[in-house]
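Undergrad: Sharing a structure below in structure tokens format, with a few things to ask.
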Amino acid sequence: MIKADAQSVAQAAAYIRAGEVVAFPTETVYGLGADALNAQAVHRIFEAKGRPADNPLIVHIAALDQLDALVTDVPEAAWRLIEAFWPGPMTLILPKRDCIPDVVSAGLSTVGIRFPSHPVAQELIRRSGCPIAAPSANRSGRPSPTRASHVLEDMQGRIAMILDGGPCEVGLESSVIDVTGGTPVVLRPGGVTPEMVARAAGGVRVDEHVMKPLEAGETARSPGMKYRHYAPKAEMTIFTGAPDAVSRAICSRYDAAPRGAAILSLEEHVAGYGARRVFSLGSLSHAQEAASTLFDLLREMDALGVERIYAEALDPHGIGLAVMNRMGRAAGFHIIEV
């Protein structure tokens, strides 16, 4: 793990050009990057993560003029979103060119493209001289890394280098928007919310699998759709309903549980849990705080040996939908309405 500066970014770019895998900061979470056009290098990402081969990757660029070489068409709706949100935490699903190896797209005819805003990510892509394929830099299924120390926990000895660029600003993976079929479809919510997409593109639809798992045999069109993701070691249950009813249900479960339970609560409700072990997601009025702290908290609970997590649901609007998507998948969609 080395602080990101001009010298270390140049070294990381040399590793990328040599077909190696490096971890680097973005505004969303830390990425695990390799040359997107080098199938052998991309296979090393899957090996390092223990990632299933049918889970597609996102290709990162550092200039709009890289786009034409990677995709065959950019619809008008896509251009409106690009003008509004790139560089930034948004991935667009577009029809891919043959230069994109099947290992990147999981055999699909489309590929996710993102132009990150983080200066270290941009400089790494520029110095590497190629687009960079990168999922989150964690072992598959684990909470995504928002600090270089999280990457070190999961990836030490597995990759060539970890660039430390400090904590990630957004704290959740990018929004993934399918723009191949007319109205933009949110496949994975993130920092660019459905409401923001609708304002920029004139309409939006949220895929039903944002808050439920794919059925057996269904194809994942985006990262984060098919498998249990973002998961702590603990068994996690989410409670939704009126705040008082949720609090009573959580207290009942917590008090009946063996040792090792914890509560994930909004800041306004923490005092109501008394002396029980409570972790605050942040304020009810500031869902971005929950977005930026969720993965940190899940990793902290892992480090403390928490075995059961009882979590309050958030309002699934704005970035709250992205937080609920990550919490739902972390819990295996074990959500109880009270």
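Yeah, the Cβs are placed from backbone N, Cα and C, and that goes for glycine too.
Quick caveat, the model's predicted, so the values are computed rather than measured.
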Undergrad: With Arg51, Asn55, Thr110, Ser136, Ser144, Arg188 listed by TrEMBL as ATP-binding, which of these, Tyr15, Tyr230, is given for the same site?
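TA: Among Tyr15, Tyr230, only Tyr230 appears alongside Arg51, Asn55, Thr110, Ser136, Ser144, Arg188 as ATP-binding in TrEMBL.
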Undergrad: With Thr28, His60, Arg114, Ala134 listed by TrEMBL as L-threonine-binding, which of these, Ser8, Ser105, Ser149, Ser174, is given for the same site?
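TA: That L-threonine site, as TrEMBL gives it, pairs Thr28, His60, Arg114, Ala134 with Ser174.
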Undergrad: So what sits near His60 (L-threonine binding site) in its own chain, CB-to-CB under 8 Å and at least six residues off in sequence?
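TA: When sequence neighbours closer than 6 are ignored, His60 (L-threonine binding site) has Thr26, Gly31, Gly33, Ala36, Ile113, Arg114, Phe115, Pro116, Ala121, Ile125, Pro131, Ile132, Ala133, Ala134 within Cβ distance under 8 Å.
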Undergrad: In Å, how long is the longest CA to CA span across Thr28, His60, Arg114, Ala134, Ser174, which the record gives as the L-threonine binders?
TA: 13
Undergrad: Determine the most Cβ-crowded residue among the binding-site residues Thr28, Asn55, using a 10 Å radius around each Cβ and all protein chains in the structure.
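TA: Selected residue: Thr28.
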Undergrad: Using the centroid of the Cβ atoms of Thr28, His60, Arg114, Ala134, Ser174 as reference, list every other same-chain residue with Cβ within 8 Å of it (recorded L-threonine site), in sequence order.
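TA: So the extra residues in range turn out to be Thr26, Gly31, Ile58, Pro89, Thr91, Pro116, Ala121, Glu173.
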